[in-house]
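Chemist: According to TrEMBL, the protein carries these features:
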type: REGION; residues: 1-73; note: region 'Disordered'
type: COMPBIAS; residues: 26-40; note: compositional bias 'Low complexity'
type: COMPBIAS; residues: 41-51; note: compositional bias 'Basic residues'
type: COMPBIAS; residues: 56-65; note: compositional bias 'Low complexity'
type: REPEAT; residues: 246-280; note: repeat 'PPR'
type: REPEAT; residues: 281-315; note: repeat 'PPR'
type: REPEAT; residues: 316-350; note: repeat 'PPR'
type: REPEAT; residues: 351-385; note: repeat 'PPR'
type: REPEAT; residues: 386-420; note: repeat 'PPR'
type: REPEAT; residues: 421-455; note: repeat 'PPR'
């Protein structure tokens with residue numbers, strides 16, 4: 001299953017049959033779990049019982065008798081919440097088990113459904129009054145802080161109120177408090193409030209954000225704001241609050257501009273971080289190389305790689321795969337092939353990404369048979385191709401008018417239940433129709449639907465446009 005027919009072998013490197021992609025089938029997690037279960041002499045263990053939750057405004061789940069049942073609130077009714085907690089606190093069976101962890105869980109459950117921070121504070125005070133052994137800790141107030149940050153008011157009054165409450169109870173806000181607040185504000189889309197709060201908390205040494213919190217905010221801002229506005233924020237934090245960007249900050253900025261294909265700005269930022277005393281790492285250079293790959297600038301990809309080597313930064317497998325992909329995509333496939341030996345010398349062996357990139361480059365260069373030969377070399381070295389590899393080859397063989405080999409390769413894909421990509425599917429259909437093999441084109445259409453390679457609409461639209469093209473081509477004598 002999955003082996004190429006002998007007629008597909010195009011060179012000496014294909015002396016051995018292509019190994020199946022699918023002969024090493026992994027067990028599913030369920031099968032592995034079943035095999036790891038105890039043997040029959042443990043069968044006296046009873047399975048856990050499942051209790052259906054009643055459909056009420058707040059529910060309790062059945063648990064072990066020696067622990068209080070966890071409370072899951074579904075309504076922000078403060079009176080009902082207090083009543084339920086009273087019933088637990090006055091029950092002899094549970095009263096001694098209501099520890100801080102449980103009480104905090106009750107508070108967290110209620111705050112998750114309530115939009116009124118004052119109600120949560122009331123519940124917290126009520127729990128400490130009814131159950132004096134419960135002593136709120138910093139985590140208790142962080143729960144309240146999260147709630148106030150999820151739906152902050154315009155002047156952050158509730159957030160400030162919670163911070164002041166913490167301090168009045170002997171829990172001075174610290175860097176963890178800052179992190180909790182900033183992450184909650186960002187995760188709920190309140191980046192503007194996050195900036196305002198970070199500036200305020202940066203005025204006190206104990207609450208000044210660490211690099212993790214600071215970079216989390218920068219990463220959130222760069223997704224929704226322009227680079228210039230984020231740069232203004234970075235400068236304000238640096239000059240006004242002595243919170244400085246680090247290598248991670250610049251990596252976030254460079255990654256963003258590379259995704260936006262602004263490589264000139266990426267190289268400028270690279271110079272800036274060097275001026276700030278930071279040394280670029282392998283990940284940063286890989287990011288810039290990927291940016292040039294998006295533009296098909298193979299020469300610039302190679303230039304960045306050489307710059308890495310000059311600065312004695314050790315390239316990794318991603319570096320070489322990016323380099324080979326960039327060179328292959330820009331038509332420099334011969335130069336890309338030379339790096340196979342270079343990467344091996346550095347201890348990085350080509351993987352399926354490496355070989356598929358080279359095959360794509362060979363097919364672009366019109367050498368589909370060379371790509372097919374590379375498939376044999378890939379298999380002989382113990383590297384299994386994937387669906388992307390086969391789709392790349394199918395597309396290349398059809399483009400190079402090696403239809404018979406394409407049909408045989410398609411047979412291997414069918415045998416292995418591989419999916420067709422939209423590009424290779426369309427090219428294959430057009431090539432079949434161009435050569436008068438319309439019946440086979442319909443069969444390929446059926447397989448694309450059966451294998452869930454494409455939606456029925458997408459597959460049919462491609463087939464329909466291909467048949468319309470064929471009709472016009474026949475009228476003009478361009479197809480048989």
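Easy rule for this one: first residue shown is 1, then count along the chain.
Cβ atoms here come from the backbone N, Cα and C positions, even for glycine.
Keep in mind the model is a prediction, meaning the values are calculated, not measured.
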Chemist: Please give the sequence-distant neighbours of the repeat 'PPR' (421-455): residues at least 6 beyond its ends with Cβ less than 8 Å from one of its Cβ atoms.
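Modeler: Distal contacts: 387-388, 391-392, 394-395, 398-399, 401, 403, 406-407, 410, 414, 462-463, 466-467, 469-470, 473, 479-480.
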Chemist: May I ask for the residues of the chain that lie six or more residues beyond the repeat 'PPR' (246-280) and have a Cβ under 8 Å from a Cβ within it?
Modeler: 211, 214-215, 218-219, 222-223, 227, 230-231, 234, 287-288, 290-292, 294-295, 297, 300, 311, 313
Chemist: When the repeat 'PPR' (246-280) is classified with DSSP, how many of its residues are helical, how many are strand and how many are coil?
Modeler: 26 helix, 0 strand, 9 coil
